[in-house]
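Engineer: Quick one: the structure is below, questions incoming.
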There are 2 protein chains.
Amino acid sequence: MFQKRTHTCGELNEIDIDKIVILNGWIDRIRDLGGIIFVLIRDRYGKTQAVFDSSYNNALYQKALKLKNEYVVSIQGKVRARPEKDRNPNMFTGNIEILATNLEILSESETPPIYVNIEEDISENLRLKYRYLDLRKERMQKNIIVRHKVMKSTRDMLSAEGFLEIDTPYLTKSTPEGARDFLVPSRLRPGNFYALPQSPQLFKQLLMVSGFDKYFQIARCFRDEDFRADRQPEFTQIDIEQSFVEKEDIFALTEKLIKEIFEKSINYKGLEIPFPKYTYDEVIQKYGSDKPDIRYGMEFIDLTAYFQNTETNFIKNGIDKGLILKGFVVPEKVDNFSRKKFDNLTEFAKEQGSSGLIWIAFDKEIRSNIKKAAAKEINILVEHGIMREGDILFAILEEKNKIDQILGQLRIKMIKEEFEKKSGFSIIWVTDFPMFSWNEEEQRIVAEHHPFTMPNLDDLAKYKNKDPLKIKSQSYDLVINGYEIASGSIRIHKKDVQEKVFDILGLSKEEAQEKFGFLLEAFKYGAPPHGGIAIGMDRLVSILVGEESIKEVIAFPKTASGTDPMTGAPSEVSEKQLEELQLALKKTNKSEMQNDSRS
Amino acid sequence: MFQKRTHTCGELNEIDIDKIVILNGWIDRIRDLGGIIFVLIRDRYGKTQAVFDSSYNNALYQKALKLKNEYVVSIQGKVRARPEKDRNPNMFTGNIEILATNLEILSESETPPIYVNIEEDISENLRLKYRYLDLRKERMQKNIIVRHKVMKSTRDMLSAEGFLEIDTPYLTKSTPEGARDFLVPSRLRPGNFYALPQSPQLFKQLLMVSGFDKYFQIARCFRDEDFRADRQPEFTQIDIEQSFVEKEDIFALTEKLIKEIFEKSINYKGLEIPFPKYTYDEVIQKYGSDKPDIRYGMEFIDLTAYFQNTETNFIKNGIDKGLILKGFVVPEKVDNFSRKKFDNLTEFAKEQGSSGLIWIAFDKEIRSNIKKAAAKEINILVEHGIMREGDILFAILEEKNKIDQILGQLRIKMIKEEFEKKSGFSIIWVTDFPMFSWNEEEQRIVAEHHPFTMPNLDDLAKYKNKDPLKIKSQSYDLVINGYEIASGSIRIHKKDVQEKVFDILGLSKEEAQEKFGFLLEAFKYGAPPHGGIAIGMDRLVSILVGEESIKEVIAFPKTASGTDPMTGAPSEVSEKQLEELQLALKKTNKSEMQNDSRS
């Protein structure tokens, strides 16, 4: 049929000299020097130079003149050393070339609409429309290969630890909690719908009730949200659950897994475990975020004590009223900050809900918007080593329950705008999240994680009746470089605890039964203590390969509006298909909605 | 929180005697002898006996009196040898027991609606409703563990061979060919729908165009068919595609993979590779089926020659008119066949479209419905060793293009009704399927596999214009024990061949573009020769564990009508959800359809 390769395009070098070989691949580059043509032939494994020399074989040279970029060819030839001056030490095959003795054109290529062999700045739409060409790029090939290695090393490690991969249904039941479900109409039961799972949460808990003891799955999850920049309607999760454990067991397992993934997928061996642990309250108070990137420092400092006796009236009055003065130091950046910039930042702080922003820049001399009023206190701060020459200190005077959030926003802005992107990895645990939060829109208490999360039992006893928002839970997030990479919890396995939680959520037995019926039913027949974690695999891979967007690590992602420019999905379907599902489109609004195009 | 296990329930034996241990698990059985209670504590790994002895610790004994089956407990105790007479050589832990020193009840269980520790004949609906209890059974645990091992060994082997696992979208575009799609309405583009993939076929071919060279994926696939007994709306496929190959490469790879799976998942080392290869024409002529179970023999024999000079008129006339006399021998079963049974089988043959059935039973003397008319020919058959004492020969006189199909049905009926289920595995390749077939319903030629299958090029040249149904393709099935386990082909990678195929299918360029646009577009930019295979993983696992139904090897399967009695899926959804999707139910037919309940 065709001359099959004896080697890949990435494996020949000097020890192969004089061998007769056949390579199959794509034409990556062509240099026609007149009478002699050099081509690079490319496959997933590398590139090799082949030479068509008219003085050696003119007929073959004439055939090679027809070649264009991205043609698929089979080249037979003899491996020979490149002349000294033409060697390329950056390529594994850079010291040899193939003197072609035969050429088969396996398929031709029109001029591709996007370049494969150079990085260019083209629209996302064009890249996704021709994704099969985009994926030929070295960078994209590398990303997809790392993704494969992440999946493989995950499965290797968890299987070696006795975990079973168990695949759970994708056609399941719509649940009222959480994000919006994608629905799948049933044809055999018109008027009824399956839902695509937002996660295998309920199934993995049922598998614990079944006694599988250690479960994992690399599972696709689906959420019909209003797609934001880096959200995908379908995403991939490394889902883990284990019985007869406490949270420390999940920490240790996850740490071992993450270390293994870093080593096996990108050969990074520097991760130190265990990862540092912070409670939710700690990170909020120190960084104003539940997923801080602590590589950038800038921990918050409570400055109230230094200003206890200030003569600056607005600060003194504020402190007397119970406000707090808190801030953070941006180190060694004073040269970047003009008066104008401080004004803009003050505006920003106000937008975040602050009444103002105090800034102190330790330039050759002090610049500050409270320089006159609080010169004494500024001196004290300097004396205490809180700030040094070159630093800027930002502070705000605010109520305790608002201040961290505002400072947190400012800190993130500083990280984005004032610092080069740091290399390396900062990995921390954040633990003890609040069990409940107040949903302003629905005017009720909701579960922060989900209602099966085990509360801290001391908190439950102490705060159940008077202040349930103070109850913390046995939940945890893994944060890498400021991204929430994984999230999990110990689950409730006892009826009385579950009932108390439903009670706080204001769910009657009947409502609870209707919403979570089959899980509650299952728990009647012997549920083991269990807990687990789910790792956002797309984001993890993007961090490993240093990509900003998860789209760069998904073979066929969707646009921000959920479309696929390549296949044209989603698309209209035939009347017959709708008829079979007993569905009708509401035509009244159709044209109106379609004008609201977001792709 | 609770006393965590030091060991599993399957790992203690005599070398552990005198150790203080803690076990966590479910109460599997309780024997109360009055003053002393024996319980079996169970987890995924095994069972261990624990003893609560009132003379040793009466308070603990009293507590143990509360235990019931399926309670989850933590038992602390000391390992001791069982008395000689109480040892159980069939259990790994059968020589020891735990003298309990502490007992924690981790959670209680109501009386479970189905038994966990005995096999009983209960309805599928009950089993699926309480699937989490059904899955506690030893048999189901084993099945799911084998499934895990099949997936793991597949990934290990293919990764070691340089294949990359690449996950492709589940929200994709509805395609007009093939089975019926499940649709997913888009909220952001009302009136438009995603489709769940029937297989990753198009994506895996695009990945070849992208140069990924060797791809695999264990992928969920979705088909909205009228569910038959052992069909599932979602099923799992080991999907493989490779570039720069011919079909022999796919054969060799698949054989190596299947051998590896058998060894690693059920420790079966007897598979001999390569597997025998039969063309489609061969298996049809020999067994009347494209997926014969050849363990049962009963190959067809053309008897026409033996009856060339018969004086039996109806046979002679038939042969003269060009009919064929063909049959097969059921060996050593003559005692099972009464006259009545032969009459019933004649009826059966007629239902299959035969004009009659000839039967010859070599009992102590010959019994046959053509005994008088064809005594001479029967003697010749016996003399030629075609049948021996104890055998039955069935034959029919029929047109060449109908005869194999009818005999095939009869052969399958014999296998089902007359033989014990054979053990062991018969694995064969069936190759060279017809490229096209005639669709009676639509009155047109359709692609037998799919329109990207590479035809045998000689056939294409020879038959394109005059008899396209004679064109065979470079396609192949793997058949195990009469089940089609895998199916694949070499794909077309050249434009001119693809155009000829579309031509035969009667597709204009515009229609082809509309139906397969993005794949054809991709093929313009350098498609490598490629081919692949897809293995039906659910069926493969069911064969490995000896289960008749694939439901026994899927953790959470659906009923034949596509419902899940546990979750209640599919179910009605809220008006708000439909509103968001701009969909309306056609209420007129709703109640009518819902009465047509099939679960």
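Using N, Cα and C of the backbone, Cβ positions are placed for all residues, glycine too.
These numbers come from a predicted model, not from an experiment.
So TrEMBL lists these for the protein:
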- A:146-557: domain 'Aminoacyl-transfer RNA synthetases class-II family profile' (DOMAIN)
- A:Glu177, A:Arg223, A:His449, A:Arg491: L-aspartate binding site (BINDING)
- A:201-204: region 'Aspartate' (REGION)
- A:Arg223, A:Asp224, A:Glu225, A:Gln232, A:Glu484, A:Gly536, A:Met537, A:Asp538, A:Arg539: ATP binding site (BINDING)
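Looking at the shown structure, can you explain where the listed features end up?
Structural biologist: Secondary structure at A:Arg491 (L-aspartate binding site), taken from DSSP and collapsed to helix, strand or coil, is strand.
Per-residue pLDDT, averaged over the region 'Aspartate' (A:201-204), rounds to 94.
In the three-state DSSP scheme, A:Arg539 (ATP binding site) is classed as helix.
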Engineer: As a test of the contact definition, list every same-chain residue at least 6 positions from A:Arg223 (L-aspartate binding site) whose Cβ is closer than 8 Å to its Cβ.
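Structural biologist: The answer is A:Ala179, A:Arg180, A:Phe182, A:Gln198, A:Arg231, A:Pro233, A:Phe235.
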Engineer: Are there residues of the same chain, six or more positions away from A:Glu225 (ATP binding site), whose CB falls under 8 angstroms from its CB, and which are they?
Structural biologist: A:Ala179, A:Arg180, A:Arg231, A:Pro233
Engineer: These are the binding-site residues: A:His449, A:Arg491, A:Arg539. Which one scores highest on other Cβ atoms within 10 Å?
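Structural biologist: In terms of Cβ crowding, the pick is A:Arg491.
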Engineer: Just to be sure I understand the packing, how many Cβ atoms besides its own are within 10 Å of the Cβ of A:Glu484 (ATP binding site)?
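Structural biologist: Result for A:Glu484 (ATP binding site): 14 other Cβ atoms within 10 Å.
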Engineer: Measure the Cβ-based neighbour count of A:Met537 (ATP binding site), defined as the other Cβ atoms within 10 Å of its Cβ.
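Structural biologist: If we count other Cβ atoms within 10 Å of A:Met537 (ATP binding site), we arrive at 26.
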Engineer: Can you give me the Cα-Cα distance between A:Met537 (ATP binding site) and A:Arg491 (L-aspartate binding site) in Å, rounded to a whole number?
Structural biologist: 22
Engineer: I need the CA-to-CA distance for A:Arg539 (ATP binding site) versus A:His449 (L-aspartate binding site), whole Å please.
Structural biologist: 20
Engineer: Fill in the CA-CA distance, A:His449 (L-aspartate binding site) to A:Glu484 (ATP binding site), as an integer in Å.
Structural biologist: 13
